[in-house]
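What follows is a single structure, written as structure tokens, with notes after it.
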Amino acid sequence: MTGTVYKSTGSWYTVKSEKGDFVECRMKGKFRIKGIKSTNPIAVGDIVDYELDETSDAVTGTIHTIHERKNYIVRKSVNLSKQIHIIASNIDQVFLLVTIDNPPTTTSFIDRFLVTAEAYGIEAILIFNKIDTLNEQTLDDQLYLQHIYTEIGYKCLRISSTENKGVDKLKEMMVGKVSMFSGHSGVGKSTLVNAMEPSLHLKTSVISEQSKQGQHTTTFAEMYDLSFDARIIDTPGIKGFGIVDMEPTEISGYFPEFFKLKDQCKFNNCLHKEEPHCAIKAALEKDEIAWSRYNSYLKILEGDEEHYRTDIYGEDRAASDETRK
């Protein structure tokens, strides 16, 4: 029998059969997919073959084959830094929910997510959520960020889940597709899904006034069928996005605005740091590339995993003289 993994709890997997039935399955033995060393060999979105267990009183099954994935998206495992965690597979697009405040989403987090999506060939779209809560300063920050990413070529949406602003536009973009939602805890993923599909009644959280951080309401990634011919994968909130190892010379290729210029650099292996006649540095000095993007690039290049949750939005407009050297 063949089905799609809709939920993974680590040891059990909820599989939807081709007939539309849901079966709780376990994994048979150990899987290794094309040498991928991951903490979770089976991910939400996987197409699997399974057999029903004849000895069980309940309807359960055993997964014995994983079909080839058309794509998947990963990040570094939280506890095992040398391994990867597959967030989801066989997805058409990923939406990253961004909030300016309550909780704040840093540019380094956004850029690490976008670089990973670029590396795995998945379209990424930014959703600026909670626009109804913005004041004059945070609205300025939000519009500035949106300008940066729109200029690069990323689609951006402004949404208020609580006031139902922009939700219909989002639904139009999701029709006929499998979409993954990601972001920090508290950015409003579950609230947004409830706004699109109230019958799901997903649990939502309250932001801590002291830490400005959200509490986890989604424990495991889970796929849902929506009434408007769309499927969504809701993922647990994440604090940081660890980049899986990339070759230094590859990284700039996952920044679209860098990729357009890199052939103009004097050296083919230019890392866009101290090399002479670097097209990226020249564009940076002309403010044709955002300083926040360049700083994110440097942090990834230098393997700065300890501080990838730092930075904030004003660094382009007030870049220090030291940064510009």
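Keep in mind that glycine also has a Cβ here, set from the backbone N, Cα and C atoms.
Binding of Zn(2+) is annotated in Swiss-Prot for Cys265, Cys270, His272; the matching candidate from Cys156, Cys278 at the same site is Cys278. Mapped onto three states, the DSSP output places Thr191 (GTP binding site) in helix. The C-beta environment of Cys270 (Zn(2+) binding site), restricted to residues of the same chain at least 6 apart in sequence and closer than 8 Å, consists of Lys262, Cys278, Ile280. Cβ neighbour count within 10 Å across all protein chains ranks Lys189 highest among the binding-site residues Lys189, His272. Each of the binding-site residues Asn129, Ser185, Thr191 was scored by the number of other CB atoms within 10 Å of its CB, and the largest score is that of Asn129. Summarising the environment of Cys278 (Zn(2+) binding site), the number of other Cβ atoms within 10 Å of its Cβ, over all protein chains shown, is 20.
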